[in-house]
Amino acid sequence: MGDVAKDLTAGTVGGASQLIVGHPFDTIKVKLQSQPTPLPGQLPRYSGAIDAVKQTVAAEGPRGLYKGMGAPLATVAAFNAVLFTVRGQMEALLRSHPGAILTVNQQVVCGAGAGIAVSFLACPTELIKCRLQAQSTLAGSGAAAVAVKYGGPMDVARHVLRSEGGLKGLFKGLVPTMAREIPGNAAMFGAYEALKQLLAGGTDTSGLGRGSLLLAGGLAGAAFWAIVYPTDVVKSVIQVDDYKNPKFSGSIDAFRRIRASEGLKGLYKGFGPAMARSVPANAACFLAYEMTRSAMG
């Protein structure tokens, strides 16, 4: 089996593992990000991540934590296949000779290149996911954006294509998506390689066990979110913003208004669940990827 086919297969398995482990955390993250700023004297809809979990389960049952999973599940194969395949092909381009071990800096470049490619898949998927995850939060706020109720991922896609500018509407939030995926994946793949080499005590990481791969993958995922989280907040509020009566004119406006009304902490709403998700979800992803790739020879 060729390297491209191996990366396609292993990336798909890794992505599915990541999604199953991490989606409930992601749901809570989006709910916290998208809840409207309370009026003076009023309390926010959710006091924190634990409160968001309690309210979600009470109102929607445990299935509410997996709201919006259909869209990323349907595209996880394509997303992770592109991510790991583009990264693999860039590794091949940067190697001085077949089998050469890349430096950490070269892995950073590979991650950035993969981030460019996956942004175009991530944007419409994230828009659909965020609309489904956030609609119950927005419904409790009386926001105009909830005039439309979505029955599922395909319903969101149909509505956007019909009423929000066609195909262009599905790419709402592309700029902050790229601002998340490019530096985020550069940091993640760079950190993953650096941690593997640290744990292996050298550049040959082929002998690392599952525990070491889990640790390196989990911490690499944390590195992703640590450097790009504010751009994810901006992406989420842009993608759930009302099309007819938008609150924000664009990404820069969203950033400025969140900062002005809520301070720096407004750009880190949902950061706890995001970090809590990133470690186990990315640990599962990288371990599944490495084991699948190894099994294929």
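From the backbone N, Cα and C atoms, a Cβ is placed for every residue, glycine too.
Predicted automatically and left uncurated, TrEMBL annotations should be read as such.
Listed in TrEMBL:
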REPEAT    2-93  repeat 'Solcar'
REPEAT    102-198  repeat 'Solcar'
REPEAT    208-295  repeat 'Solcar'
Looking only at the repeat 'Solcar' (2-93), what are its DSSP counts of helix, strand and coil residues?
73 helix, 0 strand, 19 coil
Over the repeat 'Solcar' (2-93), what is the model's mean pLDDT?
86
